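Peer 1: Pasting a structure below so you can have a look.
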Amino acid sequence: MKCTVTAKESGLVNADILVQFFSKKEMKRDAGKVLAGLGVVASPDGDFKASAGEIAMLYRQASGKEASRVILAGVGEGKTAEDYRKAADSVARKTVDLHLGVLALDCSPIDDWAKQSKQKPEELAAILVEGVLSGAYRFDRLKSGKLDKEETKEDKPKNIEELVLAGCGSRLEAIEKGAGKGMIIGACQNRARDLVNLPGNHLSAEDLAEAAIEAGKRGGFEVTVFDKKKIVELGMGGLLAVNKGSEQPPTFVILDYKPKGKAKKTIALVGKGVTFDSGGISLKPAQGMDEMKSDMSGAAVVIAAIEAAASLGLPLRVVGLVPATDNMPGGSAQKPGDVITTMSGITVEVGNTDAEGRLILADALFYAKKEYNPDVIIDLATLTGACIVALGNSVAGLFSNDEKLAESIFEAGQSSGEKVWRLPLWDEYDELIKSDVADVHNTGGRGAGTITAAKFLEKFIDGHKHWAHIDIAGPAFWAKGGSKTPGATGFGVRLLLDLLKGWS
């Protein structure tokens with residue numbers, strides 16, 4: 001998608017659809033005057049309340065290539081960044097559904113929006129562009145089109161070809177800068193969604209490594225891939241144990257972005273890369289197993305966030321670590337009751353082979369501390385269904401041994417719209433993962449499942465004082481039938497970038 005920023009009045013821009021944003025207050029006060037000035041031939045009905053993400057379609061008398069369709073987009077109270085992101089997302093969905101290619105947003109009131117939301121115009125421009133890219137996203141690369149009926153081919157959604165931010169006036173330079181950032185962040189988040197949406201037969205651990213290499217080429221940072229031989233040499237027993245039932249080899253990917261100047265901090269991001277999770281010998285139920293292609297969401301988010309950080313030129317060193325494999329049953333697969341030795345030397349009793357993510361993360365967390373000793377370690381993983389039970393599908397679980405880090409991640413969640421909620425890491429939970437035959441057990445029984453998983457991971461950070469674990473099992477992937485686009489969400493990319501920008 002091309003993005004154009006112009007000082008030209010929005011009503012004079014060549015476009016298929018023109019968007020006017022209104023808060024609830026502005027809808028009552030200004031809508032009549034604004035719409036009359038555009039030549040809109042009818043007013044919205046009383047059902048349109050300008051709630052955040054609510055839209056209404058109107059028409060106007062237009063000449064030439066000016067937009068005849070006008071969308072009213074509600075931003076609710078207009079007090080948060082998320083109000084504007086929701087509105088832009090809804091507008092993009094509607095534009096794609098109408099098979100229209102050029103979308104124009106009226107940005108002339110951006111100073112008022114900035115005052116209401118306490119955001120800078122540059123930040124709001126980025127948010128609007130991110131929202132449009134998110135709403136316009138479609139995953140259809142695996143469709144051949146051969147079964148489409150001739151008469152329905154014209155009805156296939158067409159993605160937005162150009163986004164125009166119009167009426168920018170004296171804020172042109174700031175909006176251009178913000179739009180550029182929004183294009184980077186939105187594109188990287190959508191690449192993460194592409195990876196997560198790929199089924200297991202299209203995305204192996206080696207394919208995921210190749211995607212990281214391509215991200216490195218685009219972002220200009222170094223990517224190193226360890227093959228199975230190197231993983232064996234390093235003694236990554238957790239990753240190797242999970243991979244035992246697979247015919248596909250594992251990989252361990254290192255992404256290393258270094259800024260041009262001196263880095264203010266070194267941040268390690270660890271992403272779970274289980275490309276398909278059958279549960280292994282502890283086989284999952286058939287219903288919903290197809291969605292387990294999304295069990296590498298943490299890896300996709302880490303790859304995308306580092307590419308975005310590099311493209312934005314953030315003054316931080318950001319190291320990404322991605323242990324990758326699928327988790328399959330088979331004659332050589334690990335079994336419940338097995339005892340494995342991880343890279344750290346800590347032995348683990350495997351009570352359930354479907355608690356595999358923590359095994360591969362154990363090696364990656366230890367490697368991060370041992371090789372880089374970073375200022376901060378953050379891991380992201382679709383780790384536990386228990387987190388969904390606790391927090392639902394919209395919020396991620398947050399665990400940290402550092403109060404200040406936890407607070408920073410929470411605030412980044414609020415600003416990015418990718419919200420997290422902190423859960424405890426109290427010592428009492430250690431009792432639940434004790435083993436009679438090994439140093440630690442990989443499951444903790446029925447209760448507090450998301451907490452015991454985090455407590456397990458904590459044992460592999462080798463005493464690091466600034467670590468956080470984010471369980472994204474709920475918000476990483478949306479099932480069909482919801483109000484959002486089904487499939488991968490890319491949850492975590494904006495969260496990490498807001499956090500990294502805060503440290504910049």
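Easy rule for this one: first residue shown is 1, then count along the chain.
Each Cβ is built from the backbone N, Cα and C atoms, and glycine gets one as well.
Grabbed the feature section from Swiss-Prot, which reads as follows:
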- Lys284: active site (ACT_SITE)
- Arg358: active site (ACT_SITE)
- Lys272, Asp277, Asp295, Glu356: Mn(2+) 2 binding site (BINDING)
- Asp277, Asp354, Glu356: Mn(2+) 1 binding site (BINDING)
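Help me understand the surroundings of these features in the structure.
Peer 2: For the recorded site, Lys284 (active site), the DSSP three-state label reads coil.
Taking the Cβ of Arg358 (active site) as centre and 10 Å as the limit, one finds 29 other Cβ atoms among all the protein chains shown.
Look at Asp277 (Mn(2+) 2 binding site): DSSP puts it in a strand. For Asp277 (Mn(2+) 2 binding site), other Cβ atoms within 10 Å of its Cβ number 26.
Here the Cβ of Glu356 (Mn(2+) 2 binding site) has 29 other Cβ atoms within 10 Å, regardless of which shown protein chain they belong to.
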Peer 1: Round to the nearest Å and give the CA-to-CA distance linking Asp354 (Mn(2+) 1 binding site) with Lys284 (active site).
Peer 2: 8
Peer 1: When neighbour density is defined as the number of other C-beta atoms within 10 angstroms of a residue's C-beta, which of the binding-site residues Asp295, Asp354 has the lowest density?
Peer 2: Asp354
Peer 1: In the same chain, outside Lys272, Asp277, Asp295, Glu356, whose C-beta lies within 8 angstroms of the Cβ mean position for the Mn(2+) 2 site?
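Peer 2: Those within range, site residues removed, are Val242, Gly273, Val274, Met292, Met296, Asn327, Gly357, Ile360, Ala381, Thr382.
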Peer 1: Nearest of the recorded positions to Arg358 (active site) by CA-CA distance, picking from Lys272, Asp277, Lys284, Asp295?
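Peer 2: If we rank Lys272, Asp277, Lys284, Asp295 by Cα distance to Arg358 (active site), first place goes to Lys272.
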Peer 1: Tell me whether Asp354 (Mn(2+) 1 binding site) sits in a helix, a strand or coil according to DSSP.
Peer 2: coil
